[in-house]
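One structure is given below, encoded as structure tokens.
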Amino acid sequence: MSTTADPVAQGVNSPVVDVVAKTTTTVANAIAKTVAVISSTVSTSSTTGATSTIPTSSSSTPTTSTTFAYTPTPTPIQSTSPSLEDGAEKLSVKDLSQALQHFGIVDYLVFIAMLAVCAVIGFYFGFIEKKQKKQKLPGKDGGGAAGVEERRGSEALDYLVGGRQMKVFPVALSLVASFVSGISLLGTSTEIYVYGTQYAFILVTLAISGAISWYIFLPVFCNLQLTSTYEYFEMRFNKSVRLLGSAFFTGANLIWLPIVIYVPALAFNQVTGINIHVITPIVCLVCIFYTAAGGLKAVVWTDVIQTVIMVGAIFFVIIKGTADLGGLGVVIQRNFDTGRMEWPELTLDPKVRMSMLAMMVGNVAHSSYNLGCNQIITQRYLSLPGLKQMAQCSFIFITGLVVLMAICMYNGLLLSATYYDCDPLTTKLAVAKDQLVPLLVVQSMSSFPGVPGMFVAGVFSAALSSLSTGMNSLAAVFLEDYIRPLTRKPLTEHQTAVIMRVCTVLIGVMSVCLVFVVEQMGSHVMQLSMTVGSVAQGPLLGLFVMGLLCPSINSKSAIVGSLCSFFFMGWLCLSAQLAINSGEMHFESKPVSVEGCDYEFDRDLVTPANATIPLTEPGSLTFAQELYHVSFMFYSVMGAAVGVITAHLAGFVFGRNTADDVDIELLSPCIRRFQKSSYSSVKLDENTLKSFNAKT
């Protein structure tokens with residue numbers, strides 16, 4: 001961790017350190033009082049968990065062993081664990097679950113300390129630094145930076161992009177924290193456990209997507225220095241397209257943010273037993289406070305701290321878990337034995353859930369949008385002072401993202417090696433798929449005070465970083481795309497400050513309320529986020545492709561294409577989700593076993609999570625079913641393709657742009673070269689004609 005901490009320490013402003021140091025005593029007293037209240041309200045299950053002996057490596061009586069499998073023809077996995085002594089009484093799954101749901105005082109201290117530090121950072125940038133800046137405002141400008149004059153007096157610029165004077169390393173860590181939410185932290189590990197290592201090929205596609213985003217999308221946005229990415233649509237098309245793009249982004253994020261909040265609430269529920277609807281509003285209030293008060297600077301610096309906590313928690317879990325199993329060789333061997341170590345399937349069938357085609361086409365397009373066009377990401381790049389810093393930040397971001405995703409995937413291998421002979425989903429020790437990682441933590445780390453608290457703090461850190469980033473980005477879109485264009489008079493600095501903070505609070509409250517809806521969805525979070533998010537991301541990716549790569553498409557054609565894409569994706573994603581919930585769509589999962597379980601559970605209980613479900617024969621599918629049975633990896637690229645193709649067809653009705661109709665600076669560099677040659681040939685012909693006329 002020292003190699004990570006040193007750059008952070010070098011980049012932190014000394015006033016932040018001073019404020020945190022001065023408030024340590026006050027925070028400690030507040031934590032002590034809070035822990036006293038929590039300790040008095042937590043159920044006595046923690047005492048039970050402390051005194052109960054829970055064997056970690058034993059099997060049930062052979063005559064009662066049962067094997068369940070996800071696949072139609074499962075292969076039972078033989079248990080090598082030693083048997084329990086005769087007459088030993090085994091806990092029921094309910095008693096074991098209650099015994100594992102305990103949070104010690106140290107765990108609460110770690111968790112509350114994370115929230116307290118985030119609140120202090122928000123307070124500093126929202127009040128103390130702002131006051132210091134106002135006091136220095138009448139003096140001379142000693143910075144000499146190009147953006148200082150622009151930054152002064154601009155509340156929106158300072159709040160939304162940090163005055164365009166942020167440092168490279170903190171912004172890179174903020175990008176990692178924003179991209180790797182709790183969805184990735186828990187959902188990626190669950191994906192490996194349930195479906196195998198096919199998803200690991202995403203590490204290659206992330207690098208490809210990073211290169212595509214930097215060379216095709218980001219150069220245009222960085223040169224234009226936009227606060228809202230969707231201002232580009234007004235420059236390239238018109239105001240109507242800009243509002244349409246902003247509406248798509250708003251809808252996508254109002255769907256995504258509740259999923260981001262729901263994930264850590266599941267983890268907290270697994271380790272404490274506290275209802276998700278109790279903890280969610282409490283934690284989100286802290287996030288809403290520091291985001292509304294401190295703006296982008298508070299978001300970035302809290303992301304730095306939250307990234308360190310997140311990475312530290314995951315490292316601790318995988319090191320301890322690997323050591324408990326006997327080393328890396330045991331983890332790899334057990335995953336080979338259960339058939340989880342495999343490449344994406346080499347097939348051209350788009351209905352295969354994780355094929356090489358789905359990863360190389362579908363996921364590359366999906367990640368290219370998120371890395372190059374998403375307001376949440378581009379807003380961080382635009383907080384840097386120049387293109388050189390943006391390039392450095394992009395390299396660190398992609399590298400850190402690949403490393404962290406690889407760690408999460410290894411954690412999935414660790415899950416399958418740990419539970420290879422006792423699947424907690426079958427026994428209902430874990431109620432939801434995305435509670436597997438928290439279950440591993442409380443089972444293997446309960447003897448280390450503070451580690452479960454550190455893990456929950458890490459998962460919440462990942463979620464809060466994404467939530468704060470989403471709220472800040474939506475506030476930017478609301479201000480620049482909805483409110484400013486509708487006001488007759490320019491907004492004052494005070495009005496701007498109030499509007500941005502009110503928007504942040506409203507977005508946060510709305511996201512918390514929508515958690516109730518997410519809870520009723522059937523898929524695990526990674527697939528759910530990609531499926532539902534594609535309703536808006538597909539049309540948005542299509543709009544950016546039209547603007548940057550298709551100069552002949554005009555505004556009317558772009559609107560028609562994006563609307564057709566939106567309605568198509570809405571039907572596709574809704575039909576797919578209903579098919580999953582009804583059991584019509586069932587993805588083949590890896591085999592699991594309960595031979596080695598050392599606790600009692602209902603062996604007659606068969607649910608869609610562990611039952612053998614007959615799959616519909618491919619030949620019996622209708623055309624509509626063929627469409628929504630396509631892998632969710634293709635959703636974004638399908639939406640973009642529908643939009644672009646429809647827009648080109650609409651060009652026969654609404655006409656097409658000529659080369660002179662589009663500003664060359666609004667096109668991607670790869671298209672700009674071609675346009676430049678066209679312009680230069682025209683100028684050359686004009687000059688030749690003038691010289692010829694002069695001579696004659």
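Cβ coordinates are placed from backbone N, Cα and C, and glycine is handled just like the others.
The compositional bias 'Low complexity' annotation in TrEMBL covers 45-83. TrEMBL lists 45-84 with the feature region 'Disordered'. Taken from TrEMBL, the feature transmembrane segment applies to 108-127, 199-222, 243-268, 274-296, 308-332, 352-372, 393-413, 454-478, 498-518, 530-550, 557-580, 632-654 (among others).
Contacts between the transmembrane segment (557-580) and the transmembrane segment (243-268): present, as 3 or more C-beta pairs lie under 8 angstroms, all at sequence separation of six or more. Of the candidate ranges 199-222, 274-296, 393-413, 530-550, 530-550 contributes the most Cβ pairs within a distance under 8 Å of the transmembrane segment (632-654).
The recorded stretches the transmembrane segment (498-518) and the transmembrane segment (243-268) share 3+ CB pairs below 8 A when only pairs 6 or more apart in sequence are counted, and are therefore in contact.
Of the recorded ranges 199-222, 393-413, 454-478, the transmembrane segment (530-550) has the largest number of C-beta contacts under 8 angstroms with 199-222.
Residues of the same chain lying 6 or more positions beyond the ends of the transmembrane segment (199-222) and with a Cβ under 8 Å from any Cβ of it are 188, 191-192, 229, 232, 343-344, 354, 356, 359-360, 363-364, 367-368, 370-373, 378, 381-382, 387, 390-391, 394, 397-398, 401-402, 405-406, 409, 544, 548-549, 665-670. Counting same-chain residues at least six beyond the ends of the transmembrane segment (454-478), those with a Cβ under 8 angstroms from any Cβ of the stretch are 107, 110-111, 113-114, 118, 159-160, 174, 177-178, 180-186, 227-228, 230, 246, 249-250, 253, 256-257, 260-261, 263-264, 267-268, 271, 283-284, 286-288, 290-292, 295-296, 298-299, 302-303, 305-307, 309-314, 316-317, 375-376, 379-380, 438, 441, 445, 499-501, 503-504, 507-508, 511. Stretch with the largest number of CB pairs closer than 8 A to the transmembrane segment (393-413), among 108-127, 243-268, 274-296, 308-332, 352-372: 308-332.
By the Cβ criterion (distance under 8 Å, sequence gap of 6 or more), the transmembrane segment (108-127) is counted as touching the transmembrane segment (274-296), at least 3 such pairs being found. Within the same chain, residues 1, 4-5, 8, 56, 114, 177, 180, 185, 341, 404, 407-408, 410-411, 413-414, 417-418, 437, 440-441, 444-445, 448, 451, 454-455, 457-459, 461-462 sit at least 6 positions outside the transmembrane segment (308-332) and bring their C-beta atoms closer than 8 Å to a C-beta of that stretch. A Cβ distance under 8 Å defines the sequence-distant neighbours of the transmembrane segment (274-296), meaning residues of its chain 6+ beyond its ends; these are 115, 118-119, 121-127, 158-162, 166, 261-262, 264-266, 268, 302, 379, 383, 460, 464, 467-468, 471-472, 500-501, 504-505, 508-509, 511-512, 515-516, 519.
Beyond its flanks by at least six residues, the transmembrane segment (352-372) meets 179, 195, 198-199, 201-202, 204-206, 208-210, 212-214, 216-218, 343-346, 378, 398, 530, 534, 537, 540-541, 544, 587-588, 631-637, 640 of its own chain at Cβ-Cβ distances under 8 Å.
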